[in-house]
Amino acid sequence: MGKKHKKYRPEWRAVEGDYEDKPLEKPLKLVLKVGGSEVTELSGSGHDSSYYDDRSDHEWERHKEKKKKKKKKSEKEKYADDDERRRRKEEKKKKREREQSETASTAPVEPFTLPKPVEVVVEEKKRKRDKFESESEADEFHPAVKVEVEQPADRPVRACRTQQENEATPHQQLLEHFLRLLQRKDAHGFFAFPVTDAIAPGYSMIIKHPMDFSTMKDKIAANEYKTITEFKADFKLMCDNAMVYNRPETVYYKAAKKLLHTGFKMMSKQAAILGDDDIAPEEPVTEMMPIHTEYPKKSKKQPVKEPIISDMYELEGNACSLTDSTAEEHVLALVEHAADEARDRINRFMPNSKIGYLKKDTEGSLMYVVVNQDPEGEEEETHPVDLSSLANKLIPGLTSLGFKDDRRHKVTFLSSAYNTQTLQNNSIYPDLHPEEMDMLYSAYGDETGVQCALSLQEFVKGCGGFTKRLVDDLLDKMTAGDHSKAVVQIRQKRNLPIDEAKSSLCDMPGTDGGGMEAGSVLDFMSMKSYPDMSLDMLNTLGKCVKKEPEHEDGHQHFDDPTKLLQEFQDASVDRVGSRPSSNLSSLSNASERDQHHLGSSPHLGVGDQAEMVQDPYEFLQSPEPGSTANS
């Protein structure tokens, strides 16, 4: 390093020569404005009047001597001066930092500051450099110059943000971020504000649910978007409205389609995680040139003050030209949006549910894939499907899987010969056998139909044959002819005449006198199960009895009961006179006579025994066919 020389100042000679000639002058005031806020005032005309009042001639000579001595002394104390200068700079720096910290503590905290323009940054750097130079030369500055520095005015306090903005939830901040990105894509501001009929004629009649960026911003501030899917739905609605109102060849249609494509691609799950820079680079700005279109419709989001917008039209070839790759991405974005909407609907209507579908994996096993899985899950949620997931464990001692039938949908036989349903039917209809109940169920469908049919026939009982035929025709139409078929089958089983098939079930025998021929046989055993029809049976029987029997037939009618009574008396005497054995197993079997009169077989089944005891008039039998023919 070379020797440091002091700055050459020739003003000392000028002061010495012109001291007596120049009068005293008022110092000038120099004002420097930097950045519009700080003001530095320098006053001086090269000389100060107070300096010349106190200075004399001999002081100039004294000053020269001191200058020579100081030059020698400065060489010796060079390093000391450097240390002193360094120390003063550090003190000033600490003092400046302390003042800045005090002002920062008193000023309100600003959570967000905008970047300063380039011009302001250059001016601040220039101001700091000038200030540093003035401070470094403060000790060596000429004493004739008086420096007056005014304190800069305090910086105006910036209004703090509202409480609502400071208390925004992370969900709202994410939606605001998406909204800013979408508005940045809308370079011409087509979708910035709502559209009225003054801007677009007939817009309110065509579009029933309008949407724009300002409305979406208000909904974000009011926290009306509970999920990102709702935000996407409004964004899609806004673009769809523009494409519905405008023709496909207009710039607004193409801008809406392009914005819809880029917006869904930007708001996809991968873009939200990786960022826009990782998904796709910024698209180049399309070339703009004025063209004239045949349909000068106004924009969906066009301001009122713009009468002509032809200079903002794009070329049709460059506007929204979707290649195959971009078309696939657009479709993928729409599919993801639809999937998000479906997932939200499932979670809203069926919370905590697992809905999915079955598919086979590479190994051939069946898998259940869950559709509404946890959004935070990275992998697809699947569950293996096998017999263990569909059936319970084996019960000890059984070789088959336990299967529990659903009793709510259990189907049983309505009229089986060995179930409780048949017994119930027998208690309700004691005059019908299970086979006959099967016929009625097959004809009328169920128990309600059977009861309805019997109720109708009971209602018209005794009203004449015409009314009964009307009821039979009605039941035939209701059952498609099964009513008559069932009645005919029941008549055939009960050995009834075929001409009585159209009569009701409650009025089994016919009322017509011509229905009974002279040669027909009365089967009392088949009619014994109809106790409520005894009057009709007596009437029919009376018609046959009215005929006067011949003398021999009358004697035969009396001889047969007499013979039976005599046999009964003999059997009773034999039974009473015989001494029973002490051992019941040694009892003798019944004789042929006993078997002939008291029963056909000693070994009767349960059903046969019931038939034997159900009729108290067992011995009242119909006349023999031969005798009836003779009569």
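Any Cβ shown, glycine's included, is placed from N, Cα and C.
The annotation region 'Disordered' is assigned in Swiss-Prot to 1-26 (among others).
Taken from Swiss-Prot, the feature compositional bias 'Basic and acidic residues' applies to 9-26 (among others).
Marked as region 'Disordered' by Swiss-Prot: 39-116 (among others).
Swiss-Prot lists 50-63 (among others) with the feature compositional bias 'Basic and acidic residues'.
Annotated compositional bias 'Basic residues' per Swiss-Prot: 64-73 (among others), in sequence order.
Look at Swiss-Prot and you will find 74-85 (among others) tagged as compositional bias 'Basic and acidic residues'.
Under the heading compositional bias 'Basic residues', Swiss-Prot lists 86-96 (among others).
The domain 'Bromo' annotation in Swiss-Prot covers 166-270 and is backed by sequence analysis.
Annotated site 'Histone H4K5ac H4K8ac and histone H4K5bu H4K8bu binding' per Swiss-Prot: Ile199 (among others), in sequence order. Under the DSSP three-state reduction, Ile199 (site 'Histone H4K5ac H4K8ac and histone H4K5bu H4K8bu binding') is assigned to coil, being neither helix nor strand.
For Tyr252 (site 'Histone H4K5ac H4K8ac and histone H4K5bu H4K8bu binding'), the count of additional Cβ atoms within 10 Å of its Cβ stands at 23 [all protein chains shown]. Classification of Tyr252 (site 'Histone H4K5ac H4K8ac and histone H4K5bu H4K8bu binding') by DSSP places it within a helix. Residues annotated as site 'Histone H4K5ac H4K8ac and histone H4K5bu H4K8bu binding' in Swiss-Prot, with similarity to another entry given as evidence: Tyr252 (among others).
Per Swiss-Prot, region 'Disordered' is recorded for 571-631 (among others).
Under the heading compositional bias 'Low complexity', Swiss-Prot lists 581-590.
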Ile199 (site 'Histone H4K5ac H4K8ac and histone H4K5bu H4K8bu binding') sits from Tyr252 (site 'Histone H4K5ac H4K8ac and histone H4K5bu H4K8bu binding') (Cα to Cα, rounded, in Å) at a distance of 14
Which number gives the other C-beta atoms within 10 angstroms of the C-beta of Ile199 (site 'Histone H4K5ac H4K8ac and histone H4K5bu H4K8bu binding'), all protein chains shown included? 17
